Amino acid sequence: MKIHKCAFCGADILPGYGIMYVKSDGTVLRFCSRKCFVSAVKYGRNPRKLAWVRKRQK
């Protein structure tokens with residue numbers, strides 16, 4: 001089984017979990033939670049500027 005990384009926060013996503021979003025150009029984005037999905041797709045937020053994101057650069 002393959003473990004994927006969240007496209008927004010970088011967390012590990014186990015098989016059977018998370019949200020898979022396919023853009024109109026065919027790009028596949030995988031998210032660990034609805035919070036990450038909405039932040040990235042709906043609001044277009046930058047993960048580096050949010051305190052709760054794990055892959056935030058300090």
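Glycine is no exception: its Cβ is also placed from the backbone N, Cα and C atoms.
These figures come from a predicted structure and were not determined experimentally.
Here is what Swiss-Prot records for this protein:
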type	residues	note
BINDING	Cys6, Cys9, Cys32, Cys36	Zn(2+) binding site
ZN_FING	6-36	zinc finger
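Non-local contacts of Cys32 (Zn(2+) binding site) by the CB criterion (under 8 A, 6+ apart in sequence, same chain) comprise Cys6, Phe8, Cys9, Ala11, Asp12, Ile13, Tyr17, Gly18. Listed in sequence order, the residues Ala7, Phe8, Gly10, Ala11, Ile13, Gly18, Phe31, Ser33, Lys35, Val53 complete the 8 Å Cβ shell around the Zn(2+) site centroid, once Cys6, Cys9, Cys32, Cys36 themselves are left out. In this structure, Cys36 (Zn(2+) binding site) is part of a helix by DSSP.
Of all the binding-site residues listed here (Cys6, Cys9, Cys36), it is Cys9 whose C-beta has the fewest other C-beta atoms within 10 angstroms. DSSP classifies Cys6 (Zn(2+) binding site) as coil under the three-state reduction.
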